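Peer 1: Quick one: the structure is below, and I'll ask about it shortly.
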Amino acid sequence: MAQIPIAMVRSSGPTRGSDSRGWRVTPYLFVAPFLALFVLFVVVPIGAAAWASLHAWSLGLPNQPFVGLENYADLFGGTSVLSVEFWKGMKATGLFTLLSVPLLVIVPLALALLLNQKFPGRTFFRAAYFAPYVLGVAVIGLLWHFLLDRQLGPVNQILRALGLGGDIAWTTSLPAGWVALVGATIWWTCGFNAVIYLAALQNVPEELYEAVKVDGGGAWRRFTTVTLPSIARVLQFVVAITIIASANMYGQSALITQQQPGTSTRTAIGFIAQTGIQGFNIGASSAMSIILALSLMVVSGLVLLAFRKVGDSDS
Amino acid sequence: MSQTVATSRPTPTRDQGERSDAATPRRRRPRIALGLTLGALTAAFVVPLLLMLSTSFKSPQEANSLTFRLFPENPTLSAYSEILNNPEIPILRWLGNSLLVAVLHCVLVVVLAALAAYALAKMDFRFKKAIFAAIVATMFAPGVIFLIPHFLIVNQLGWLNTYASLVVPSAAGAFGVFFLRQFFLGVHPSIEEAARMDGCNRWATFRRIAVPLAMPAIATLAVLAFLSSWNDFLWPVFVLFSSEMQTLPAGLAQLQGENAARFDLMMAGAVIASLPVLLVYVFAQRYIIDGVAAGGVKG
């Protein structure tokens, strides 16, 4: 092995300083494969999205003339079909996010607190609640489209048998459509968030709970003074990833409600993909994705700030 | 090591705490309430899956009848034989496509991220700080801005309607590198120093020392990468067009579109699509769940 003496020299002290300034090829060989893809599929796209949003670029146009902020002005102008449909999609995305995020943060937390108790078969229940998530959105979409069918779906049939009406058009009317989308999403993903909470809960030192108990604090005080502060970082993480996931919701609305009634449950990302990929209107769809991305960053920033505030008041 | 994957094992101190609780006379009622809650919750999670299974064994007439039965009156495999023998619905091919794409994506993510993360954690080189800063900076870019550019690039590369379009673009994400770098940073230098003394070069140290030590983190990343590829719906629906190239999500959407009134057929499709992952899940659920938990708590 020819490398042995070199390696020995490298690892010994004195040459180290000069070594790091020199051009050694090994580290670059390690980084290069990832970096190549990173530049092509992460760095270039960020630039490309910004560039495309400033140009008129669509099917039938021979080239892509620079139009400045015209694509944005068009969208904010609110008169073109594209603009109306886009804001309808943004509204749908916002509504779904607003409805689903609080439930997807709180329900899994309750589930995790429950699973954090000691009882036999705990692992089994944890596995059962997580199972829907591994099935993927396509199976979940097909399943709930069936379960919620107006005529034949078991949900309405059971409601009918119980004498509770049972003629709700879950997938084709509003606001029932939103109930269907939010409900199916909670059923599908709440195990995912619960598992993350549960791992965090298991790292909370038991002594802290004991201390509150000694002070005479009840379950609620234990929750607010020990549990919540101890998992604040993970809570913030869950809120952030849940907002991002909800704002990217597409599969459920494509499969469960099939974007009905009309296109009322079509989310912004669905409309962006349709405009850009199917309609090849690259300029407009790029401007839309940047508007959606910036709104998301603003919301994430606000979440971060809110948690800072909470953290401050604690200390 | 503080970096081991979280397990569900309760700590001894908690055990004692529970016991002192159990000594109080109020013990019984909470236990019953807990049992009832768990029962109701488990039913809520399991019943929809049972309905999927039972409907898949119904005849078309029974599946579309207005009197609903939990169990099929005359169980039949007709939906399965119809779906498996219809060349218009190559569901096994879709299943194979999905598994292949998810596995390739997962391998690519893990290999690229491990190599880059190791160099960024353990080696000195020019531009290291700048490269890492760039990778971290892009972690905050919302995924939606990549959608249209990825489509343009994949189109330019001639990758539309190929596996490469599903495997490669999403493998360049920053999370894997960031996640594994944290782990490699925790590996004590003396372990590697010893390996180098024994004659290992950088590559051998990486392969024989760092990677085995990082296995829990690598497994976590692999699970997350597999699940995200398996779950991907929007992208394959828009970049695949021929029937035999579809992944399961895209194929099932097509099945639903064309057989709107055939719930027996749709549920049979859903069962076929669920079986492989559910089987893997039953055997590996502990690792899958712990992996997701570790990704969330440490990410």
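A Cβ is built for glycine as well, from the same backbone N, Cα and C atoms used for every other residue.
Automatic prediction, not curation, is the source of TrEMBL annotations.
Okay, so TrEMBL annotates it like this:
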type     : residues  : note
COMPBIAS : B:1-14    : compositional bias 'Polar residues'
DOMAIN   : B:95-284  : domain 'ABC transmembrane type-1'
REGION   : B:1-26    : region 'Disordered'
TRANSMEM : B:32-53   : transmembrane segment
TRANSMEM : B:94-118  : transmembrane segment
TRANSMEM : B:130-154 : transmembrane segment
TRANSMEM : B:166-188 : transmembrane segment
TRANSMEM : B:209-227 : transmembrane segment
TRANSMEM : B:265-284 : transmembrane segment
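If you look at the structure here, what lies around each of the features I listed?
Peer 2: Long-range contacts of the transmembrane segment (B:32-53) within the same chain, counting only residues at least 6 positions beyond its ends with a Cβ under 8 Å from a Cβ of the stretch, are 70, 267, 270-271, 274.
Outside the transmembrane segment (B:130-154) by six or more residues, the chain places 120, 160, 164-165, 169, 174-175, 177-178, 181, 234-235, 238-239 with a CB less than 8 A from a CB of the stretch.
Sequence-distant contacts of the transmembrane segment (B:209-227) (same chain, six or more residues past either end, CB-CB distance under 8 Å): 3-5, 102-103, 105-106, 109-110, 113-114, 118, 122, 171, 175-176, 179-180, 182-184, 187, 191-192, 195, 200, 287-288, 290-292, 294-295.
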